[in-house]
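Participant: Sharing a structure below in structure tokens format, with a few things to ask.
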Amino acid sequence: MDVSATVQVHVVGHPLVQHKLTLMREAGQSTKSFRQLLNEIGMLLCYEVTRDLPLQMIDIETPVARTQSPVIAGKKLIFAPILRAGAGFLDGMLDLVPSARVAHIGLYRDPETLAAVEYYFKTPQDLAERLVILMDPMLATGNSANAAIKGLKKRGAKEIRFVCLLAAPEGLANVRHENPDVAIWTAAVDERLNEHGYIVPGLGDAGDRMFGTK
Ligand code: URA
């Protein structure tokens, strides 16, 4: 399936991202390394997802002369990690954009139905005036992403981008169908989902590997 034809998907092929992702896929990686790598890739993906932010020129004074120089204009950012695993991206992103606001979205997957169940949703008030960067390392069925997007839109969000580490074609198609206005950034599109809803070849359960809970 050529997902790029149906979904606005940006596959981040940067060598640093690809190298770090390969390390993360390896089953023997320690919890500490996995968490560190997720943080680093979060920073690199933040660089990509903000690549087209508008700039405006301002007057400044250097120690040598007055000049005009660009700063970021337009909407300010909200980072919105889907808990738990989305939190793994957050620190890397905040290192690059320290002034961003943060929304926390608590969802878990019902193991039987794979449906997303909401247990927590806390956002800044001014969702409508900001660009929301929604993040979750694994875009598997797409149910969690769609539930999070629905919750954000219900609370006023107008512009949402989704950042993940790995995407399954099924998840991309699902998000495209429900939310064609949400562009997606991912480090890779894997082969498929297995019968338990895991991405193949994937990297296993991102939350468990990040927190050492398995
Ligand atoms: N969530 C994960 O952590 N891993 C998968 O493969 C799918 C969903």
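Cβ coordinates come from backbone N, Cα and C, glycine included.
Because TrEMBL annotations are produced automatically, they should be read as predictions rather than curated entries.
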Participant: Just to be sure I read the record right: Arg109, Asp136, Pro137, Met138, Leu139, Ala140, Thr141, Gly142, Asn143, Ser144, Asp205 are listed as binding 5-phospho-alpha-D-ribose 1-diphosphate in TrEMBL. Which of Arg84, Arg101, Arg155 is listed for the same site?
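Facilitator: According to TrEMBL, the candidate sharing the 5-phospho-alpha-D-ribose 1-diphosphate site with Arg109, Asp136, Pro137, Met138, Leu139, Ala140, Thr141, Gly142, Asn143, Ser144, Asp205 is Arg84.
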Participant: Between Asp205 (uracil binding site) and Ala140 (5-phospho-alpha-D-ribose 1-diphosphate binding site), what C-alpha distance do you get in Å?
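Facilitator: Cα-Cα distance, Asp205 (uracil binding site) to Ala140 (5-phospho-alpha-D-ribose 1-diphosphate binding site): 11 Å.
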Participant: May I ask which of the binding-site residues Arg84, Asp136, Gly142, Ser144, Ala206 have a CB within less than 6 Å of any atom of ligand 1, listed in sequence order?
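Facilitator: Only Ala206 meet the Cβ criterion.
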Participant: Should Asp205 (uracil binding site) be counted as helix, strand, or coil on the basis of DSSP?
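Facilitator: Once the DSSP labels are grouped into three classes, Asp205 (uracil binding site) ends up as coil.
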Participant: Which chain neighbours of the uracil site, leaving out Ile199, Gly204, Asp205, Ala206, have a Cβ atom within 8 Å of the mean position of the site's Cβ atoms?
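Facilitator: Sorted by sequence, the hits are Pro137, Met138, Tyr198, Gly202, Leu203, Gly207, Asp208, Arg209.
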Participant: List only the single closest residue to Gly204 (uracil binding site), chosen from the binding-site residues Asp136, Ala140, Gly142 by CA-CA distance.
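Facilitator: Out of the listed candidates, the nearest Cα belongs to Ala140.
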